[in-house]
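Q: One structure follows; several queries about it will come next.
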């Protein structure tokens, strides 16, 4: 029985040993399988790296190339010292540059003060067609303290608006024809003034706008005046042009359509900067002062200008010739076709305007004298009706006369220019006779005007 028990025990031990061996073999096989899978993945990863494909893992990113020389610098004290020395020299050079810039700024600051301002100034120069003048408007985000207007071309300040003007006499030495200071009363962010320029003259009007900020800041505003700035673009109407006698100016030469378009645009306002489509371009302009018309028709190598006012044709001729010379383009101006009826037509347009202004000036001279007489007599009943009206409206007449004096001077310049151009197209120089125009204006008559112009 004992032996049987021992045999049974040994059988159980063998059975347990066999089961344990099987478990160990299974576990080892799993470990071997995992190890094999890992080696297989590593092998595939290395293969992808060789082929340039993504490995699937990013260990780190650096801009350091890890050269051996950099490693030497990090480890070798002598190399590290050389690098530090080079950096110190670079810093010293930057310090010297900053010092030089400070010295330059210091020299500049003796004459000017650095300021910073965020205020902006807007401006516009618009043609007032009803009064044949320009209105210059200046608008600022901050209140305006004063505006100084400077011009190198003949310009007349007709109306300073709400400002108090101080006009300096012309200074030919500094090329200042107009120099006026307009001080703004109250708190205003917008200023508008009325200017009148002579046709034929062109240039730039400069305005210096000083705002009420601390420190004082001056804004520069520039406006260009074109030679025929008192004209405006109107629809082309050949019938309206042919209703009155016209003069004709023809040009030919080696110029392109684009060049002539640019010259016309620089001479007249409102001309589109972009060249219209087609081989021929036609425009018509109207004078806001005399209501005369002038047409411009041009193509490549040829241009024709037809107008009522000979002074306008003369201005076009001189301006285009100057621009063509600057562009080194050959332009041949043919002999203009002049109609004496065109001169008479312009004089007929000028006559009523000038006569009205001169009559107002004559009435203004009588206001004070008639006022004294009526004060002594105690009544104006003894005066003729026209003289009585002068006394009753004396202050209004004097006010209108002060405003009209500048218009009379403008009309006189128009007559002088027409007088010179009328004979220039005939090949006669009459600039030495301009004084006769002034004498005519002082003792004006329609017969004398026609006699002077030989019409």
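Residue numbers in this text run from 1 along the chain shown.
Note that Cβ sites are derived from N, Cα and C of the backbone, with glycine treated the same way.
Per TrEMBL, the features are:
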COMPBIAS  29-52  compositional bias 'Basic and acidic residues'
COMPBIAS  64-83  compositional bias 'Basic and acidic residues'
DOMAIN    120-221  domain 'BBS7 GAE'
DOMAIN    242-334  domain 'BBS7 platform'
DOMAIN    340-453  domain 'BBS7 helical hairpin'
REGION    1-83  region 'Disordered'
Q: How many helix, strand and coil residues does the domain 'BBS7 platform' (242-334) contain under DSSP?
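A: Grouping H, G, I as helix and E, B as strand yields 29 helix, 30 strand, 34 coil.
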Q: For the domain 'BBS7 GAE' (120-221), what does DSSP give as the number of helix, strand and coil residues?
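A: Helix/strand/coil tally for the domain 'BBS7 GAE' (120-221): 3 helix, 64 strand, 35 coil.
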Q: Within the domain 'BBS7 helical hairpin' (340-453), how many residues are helix, strand or coil going by DSSP?
A: 96 helix, 0 strand, 18 coil
